[in-house]
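Participant: Questions regarding the structure given below will be posed in turn.
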Amino acid sequence: LKALATYTAFSVWVPDPEAVWVSAQLVQDYRSGDHHLYAILLFLNKEMEYPVLPPAGLPPLGNPDILEGENDLTALTFLHEPAVLHNLRVRFLDYSSIYTYCGIVLVALNPYEQLPIYGEEVIDAYSGQDMADMEPHIFSVAEEAYRTMIREEKNQSIIISGESGSGKTVSAKFTMRYFAVVGGASQQTSVEEKVLASNPIMEAIGNAKTTRNDNSSRFGKYIEIGFGRRGDIIGANMRTYLLEKSRVVFQAAQERNYHIFYQLCASRDLPELRTLKLDSAENFHYTNQGQDVHISGTDDVVELERTRNAFTILGVQPDQQMEIFRILAAILHLGNINIQASGRGGDRSYIDVNDRSLAIFAKLLGVEGAQMAQWLCHRRLAVGGEMLVKPITGQQANEARDALAKHVYEQLFTWTVQRLNSSLKAQREQPKSFTGVLDIYGFETFDRNSFEQFCINYANEKLQQQFNRHVFQLEQEEYLREELPWNRIEFSDNQPCIVLIEGQLGLLDLLDEECRMPKGSDENWARKLYDQHLNHSPHFRKPRMSNSAFIIVHFADMVQYECDGFLDKNRDTVFEEPINILRASQSELVAELFQKESAGGSLPNSSIANGSVRSGKRAHREHKLTVGFQFRQSLQLLMDTLNSTTPHYVRCIKSNDLKKPFLFDPKRAVQQLRACGVLETIRISAAGYPSRWTYEEFYTRYRVLLHGSLSKDDMRRSCQSALPDLIPDPEQYCFGKTKVFFRAGQVAVLEKLRGDRLHAAGVLIQSWVRGWLQHRHYQRLRWATFILQRYIRGTLARRLAWSLRYTRAALIIQKTYRMLAVRQLYLTIREATIKIQAFIRGTQARRIYRQMLTERAVVFLQARVRGWLARCSFRRVRAAVLLMQCCVRRRAARKELLRLRAEARSVEKYRELNKGMEVKLMQLQLRADQQVKASVFSWDVHNSVIPLLRLTMVLLTECFSVADVRAEGVLSLPPGLAARVLFLCVRQADCSGDQTRVKGLCSATVSAIKTTLKKHGNDLDVTAVWLKNAYLLKDLLHQHSPRQVTHLNDSVRALSDLCIQAYQQLLSISESRLQPIIGNIAGSDPRPTASTEGATMSAVLRELSALHTALSRQDLPSALQEQAFHQLMYLLAASTLNSLLLRKDMCCWNRGLQIRYNVSLLEEWLRSRSLQTGGAVTALEPLIQAAQLLQMSKKTEADGQAMVQACNELSNQQVVKILSLYTPQSDLEERVTLNFIRIVQVRGRSEGQPPQLLMDVRRVFPVTFPYLPPPQASAAQLEIPESLKISFLRRV
């Protein structure tokens, strides 16, 4: 009766073909026995009659307005389908809220729009909050799982399911992001970053565009995120389920292959991807079947960059990434191989050996193209113990090619998942607990359903069973906790449907059995299904018009499956011969993929099958697992994992199929609610006590209905005593320990009673309020009279007060005036007293000051006298010390003198040997003088002078050789003395007319100088001395030769070569000294040795100064010095730049600053010695530009243009190399992106630039010795030191 009484002036829900359910208001109370309900449709304002006939019966009742938009569906009074649908619509369209609780389930509607509800501030708001205190959100479920794991130390699972396009993948990504934030530090560590980086990779290789979703996951995945003892993420592991391999070779209309193929095709123009020989996606058979290669709002080039960055974060090196891209590109080229039919009736097939796609495929995978073409068109069979090769038809060859492509992609997908798991594996410690995130395909039904949909729906049956049992268990635990007398709630258990699929002689068993048959077919399997299950299982049916299909009644809907292709997909057969070819590939990754495959067991001779197939009893056959069996095992492992954890459920719902933002399609919503089990959850809740209130909430809400003595301290007793009067039927409610439970609809009855009671109370309150208002009016008049009297009396009182104030003010003025007069007299006396005191104190202070001056003068005189006495004492002590030092040094000087005399003995011996020759020379000179006086010359004298000059030359070179040993002696000689003396000897011999003697004398001079240079090959000063002498002797001979004779040209050329030799030796000595310390220009030496330890930039400048001093001391021309330092500056710049191009640690901003500073020191040194005009500064320009390159901004395209213009002395390869090696040394710097490097590479490309990377450090610039006519030389002008013992030459 109470239930019937509810249908009085109440809202109800009636079915509608478009909106599914519409709201109507009853216009007439329903009475038992009526066959119609009369109501007004609210949205049309139209009356209607609703027939009350079985099985529909009475229509569902509407909930009170107070519950509209409730964030938890189980809080509704009436729990049924229209109430759930209406509440979801109101929250979605009116409140823009996409999340709603349904007990332990979070229902998420896809808004098809980016919402600002996933930022860091939202994560902070939900972190640490109770689930019941916050609005429904995916972060709330993640927080509940995280806190439960920490608190109970038990593993958790978040099960996300729904149709394709309902937002499962996005929900899983936000869940992982929440764990990465709350389970990490303030900044993401490497583990959290790797966990998030796995998403772009798995989306690229496992997601594709379908007609329902632009980013549909074509595989299931379960990610276990491991947490440490402090609740931080320390690792992760991923398991995948049932990859849709058929999409690799076939796509339906308006669908695409996996994203990674289109990303590679779109990025084919990148330099590193040109070797893949890719083309547009429209030109590949495996990517153009859907006739829609683009996704609106998606840039495949940018997505590939995200994928490559994610690979890099997870530790996959660029060369290994290129191996992956080569395999993917090879799959695309495999699909373009043209297989042609031949033979009679097309029973054979072949591939042209010049097929371009075959050649590219073979090159990318490192296999033989001819062998692959052979075994794609032939098959090896075992007949009678012998192996036969049988050709196959064109269709079979195409199927074998597609099977190979699917198998290669599956192996690469599996390898990638294993590689990600190895990167995400916990390194520091073992996880204490984990939270799993299951992103799995939802229930699917299409116009044509095959093996993939069968496995997907089978998985959803298992998940739905686990969900129903878990919800039922929670409901019963609530009743047990409240100690309610309850009867068992019946719920829809789908165990019979699961037994039909996986039980003994079920669909999967019969499918595996048929796969074992040598001639098994889809038709035979269909007949076995009909014989075994038709009319035996209520969940199995046969279509009327087909003998090759069957129907399964799932928990969500009936689905018809086509048997065609079930056996082939379950066997997943690939021929062995192409696999053996790939196993022998030159590519390490390809060989690794298929070596791992063979490691699990030997392969059959004819085929490789991943199924549970036993082909005969031959010894070379073996038992293999079918796809269905493998999926059943992995699914059972998943269920065991879920059952061992505390599950949390997220059901994703597509709001519409048009992908329009905030558009609600009620038909599609109801269909998905039925499929995902939300309505089953509500039905289980409605079967018990769906409405429950705590005693405090019930007491607060319905206090107006309670009679008798009410005690707030004992609310439970008050509710128990008053509730039987409100609801006479005790079956409609039940009392628990902390809550009172109601059957469906009873809260609406209480709301109606409460409304009636409040209406009656309102009338009573109105009467009391009106009486109170009249009484209030009287009180206001009375108080007004009192106020007037008070104001009049106040005016009189204020007048009296003013007169009293005036009298008091006069007295105060008199008192103040008298006080001022007395105070003025007091201040005058006080000021006079202070002045007297100041004069007295000043006199005393001056007296004290004069006394202090006298004392200071006395002290000053004492200090001067004492200082003079101390200085006298110091001078005496210093004189004694100096005397002692002189004695010690005199003794040391005597020892040094004795040592020098001992060294000079060898020279004295040589001079004694030549003493006779000197006497003879003096006699010859005397004889010549006598003959000159007599004006008689003869050829005998000349013949005697020539040997004398030759001996003089020998003595001179020997003397200089001895002087070379004593460097200070050589350096003390005037520059060019030896050259001038030798020139005088040669000129004297040339005047005698004996050309043979002249040539011999010049040759002996050149040989002697060469011997000296060779002997002192490491001495800068000695080499500079003989460079000056050779250079001056060449100029003297050149000056003498044109006027006198031409037979000295050979000698001039020999001296020119000798000058070049001395110049090169000079540079070689400097280069050998600079080579160990060149690294100082870049700030450090990468090879610290004992010889270079402690070297600084000052060492480089010191060596350069040594060379400059040696050249300047010999008065060499400035042009020659500029050429020498041009060569050395080029060596410094080339060596430093080459080191910069080869070392990654030098390519940073700090090193650029250090190099620029050191180069500026070199420039300043050159300018201080006037050497900047000979090309030395220009030789440093490449190094200066390299240093500027390290310090320039490297972000925008304008920066790239400026960089190309500024670095005109550097080649394009050098600029790109430095940018590639650039390594930030602090957080303020950023790594140079690949896009910026490409901008610089394109803009800096020039046809005129040589393709060089390193500078040639061995490059030698040609040297030019300028001709400077020397002054006329004569023996009288020469300043010959006496120590050389050759002063007799002046007489010759």
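Note that Cβ sites are derived from N, Cα and C of the backbone, with glycine treated the same way.
Curation plays no part in TrEMBL annotations; they are all automatic predictions.
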Participant: Select from 14-36, 635-657, 1003-1025, 1210-1232 the stretch of residues annotated by TrEMBL as region 'Actin-binding'.
Facilitator: 635-657
Participant: Can you list the residues of the same chain, besides Gly162, Glu163, Ser164, Gly165, Ser166, Gly167, Lys168, Thr169, whose Cβ falls within 8 Å of the ATP site's Cβ centroid?
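Facilitator: Other same-chain residues near the ATP site: Asn110, Asn213, Ser216, Gly442, Cys652, Lys654.
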Participant: Among the binding-site residues Ser164, Ser166, Thr169, whose Cβ has the fewest other Cβ atoms within 10 Å?
Facilitator: Ser164
Participant: Looking only at the domain 'Dilute' (1003-1246), what is the mean pLDDT?
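Facilitator: Mean pLDDT for the domain 'Dilute' (1003-1246): 83.
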Participant: How many other Cβ atoms sit within 10 Å of the Cβ of Glu163 (ATP binding site)?
Facilitator: 25
Participant: Out of Gly162, Gly165, Gly167, which of the binding-site residues has the smallest number of neighbouring Cβ atoms within 10 Å?
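Facilitator: Each of the binding-site residues Gly162, Gly165, Gly167 was scored by Cβ atoms within 10 Å; lowest is Gly165.
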Participant: Would you mind splitting the region 'Actin-binding' (635-657) into helix, strand and coil residue counts from DSSP?
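Facilitator: The counts are 9 helix, 9 strand, 5 coil.
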